[in-house]
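K.L.:
Pasting the feature list from TrEMBL:
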type     : residues  : note
DOMAIN   : A:39-138  : domain 'BTB'
TRANSMEM : A:179-200 : transmembrane segment
TRANSMEM : A:220-240 : transmembrane segment
TRANSMEM : A:252-274 : transmembrane segment
TRANSMEM : A:319-340 : transmembrane segment
TRANSMEM : A:352-368 : transmembrane segment
TRANSMEM : A:380-401 : transmembrane segment
REGION   : A:509-547 : region 'Disordered'
COMPBIAS : A:509-528 : compositional bias 'Polar residues'
REGION   : A:593-615 : region 'Disordered'
């Protein structure tokens, strides 16, 4: 609407095309006595003077510069409006009025820009598409930065935490308290000890030459056993404490870290249970392998390990595909090598699976040399194999690297997805503000601002009241829509009213009021509605019989146009009838607080001015009997 | 003038083609070679060529006649013309309004309904020379009639609007189209609901009032005569006197 304010006079003039077809008289045009000739106004922003037409600013009446709010900044001596704001950013604000498009100047700080927009009453959602993405990106970055700062300051312990919560917090964020830190380092130390023990256990430290060398584990069994026991004790206690402190035990038990913990300590207990049982000692030995999983417990202590694990997890599909293609290559080359080397004697390539080893070693450029081709064909294919291996192995590295960086950008992608939703929200907001004009019209109708009688009474304070609530542009636009209503003999209503009336369609109600006789059988309309609280058109009636309410309507009182539309009070008799789609319903309620409409007594509008403000005030006060 | 290669002189005697540069240029083979070696962007990219020509069309700028001439043709003052032109130029920098822009501008005033059909009729009423675009002169002349013209002139303009094929008669079909477009502007959410028969009923009422000799069409004389007798219409004609 705002961008075409210049065309409003044209639209109004073109409304003359409706006049010959209208059967009803048109409402009076809003008073233009206060209309000034279009003049240049000076906007002094921190010393830099901008000049523009007044009409340009009036295009957007819901902003600071377009409304009467700017009068607060008017400087009488210099006849200009002074704003103590940034003049650089004011340029884009003013250009918005001039061109209808709001641009975001990239050199400006995002929060400063937001503040300027908020000051001048412009919503950032109307930034043009050319600049909107940049604006949103910068805003998000800023928000993330602030969020990070906030998290860094989150060290203050919230009061009234239970013992359990304290423990959990200590476990998750070791730097929060000294006890947690101590615990953190102690467990780390013991993990290290346990891993070293496992390693050293197998080192041969035999001394006697006549005995074959024994690993230290068998030599110092008791010592190692004690060490192991101690570590497992610590780990068990730690696990149990975590289990106790976890807010959701079930979820904790399912988490990777707890599984690692369990796997780390289980072998010990299983070993305790089945000691010296020859049959399962083999299995027991295998179990000891699992002790090495204790090293994974370090991942709680190391952020890098966690990211690595997450990376591998996230590029699992790429790695899987690569593994697949590698397998294909291995099978192909192994087959080729096998058949190539079949001829040569004492060849190590005894079978295709045996050639697999050669292929893998060659493709990864390891080249142990335990299997080498001897025939010429074998050598040729062997060289092809190693060359292609270089290529194939070189592929996963960028994949992993790119995945690693992708993880960092992944949260940005999630934000973009959120931005898509924001896009919809943004469009919705713009749409709402644009349809504000139509709801503005209905709102004005509600407040009875089509004040024909005011024109007749010409009371000054009422005019002022009028001009306070709507700008001239709005009132002219509303007048135009009102003319259209009169032309077609239908009225604009809110969507909700429409829905409601549609629901009640098919239920015809006869008017109960004798004054509202249906002349033209409008009860046959597709959707009859309850009375819209129309006042009686009869001049002699002093009863607000028009203020009829159906119980159902009470719930929607706040959205329905009120009967006390002043224009309806003074409408002539014959035109009242077609419009009053008949006041429906069993009239069970009455409006108590509405004063006797003074104009009902005198259609010529000797509406007493004192009643006018009271009238407006009482518009929404309704009670039901 | 030297005969080009292959060109036979009128005398009938075949002359040996002279191998001069001019003659060479006339050879179609040479011409083709030269044409194909022209800058590639001209030859191979038809899309850019058409988009260039599109650009050319869209940057056609229309300058209105001078202020004095317009002042003579219309009943506006200089200041009013200036103010009108500023608004016009702001919305249509090229100086011309085409139908789509016109429709979109007009639709903004009627957010609840569909104003495109009525805007189409309005466009035709303003676009006197039917060239598909409204210039500032058309715009201002039309406005002058609507705002500063006499009642007869305004009624004439309204008649012109209703008479879609400009044959001097308003038929029921034309009026029905106009009426439907007006009702379309109301949109869905009205009270009471717009029934399907509402436009045609309105048209019947209109014809009842206007068509004196009951011949099924309304002529300009009938129209003006009836309107002048109707007090409502006469009053409403004066409604927008001081819009500018």
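Just so you know, glycine gets a Cβ as well, placed from its N, Cα and C.
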K.L.:
I need to check the long-range neighbours of the transmembrane segment (A:179-200): which residues 6 or more away from its ends have a CB within less than 8 Å of a CB in the stretch?
P.N.:
169-171, 173, 216-217, 224, 227-228, 230-231, 234-235, 238, 288, 291-292, 294-295, 297-298, 301
K.L.:
Using DSSP, what is the helix/strand/coil residue split across the domain 'BTB' (A:39-138)?
P.N.:
47 helix, 20 strand, 33 coil
K.L.:
At a C-beta cut-off of under 8 Å, are there same-chain residues at least 6 beyond the transmembrane segment (A:380-401) that contact it? List them, or none.
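P.N.:
The answer is 311-312, 315, 318-319, 322, 325-326, 329, 333, 336-337, 340, 358-359, 362-365, 367, 372-373.
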K.L.:
Check the domain 'BTB' (A:39-138) for me and report the mean pLDDT.
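P.N.:
Here the predicted model's pLDDT, averaged over the domain 'BTB' (A:39-138), is 89.
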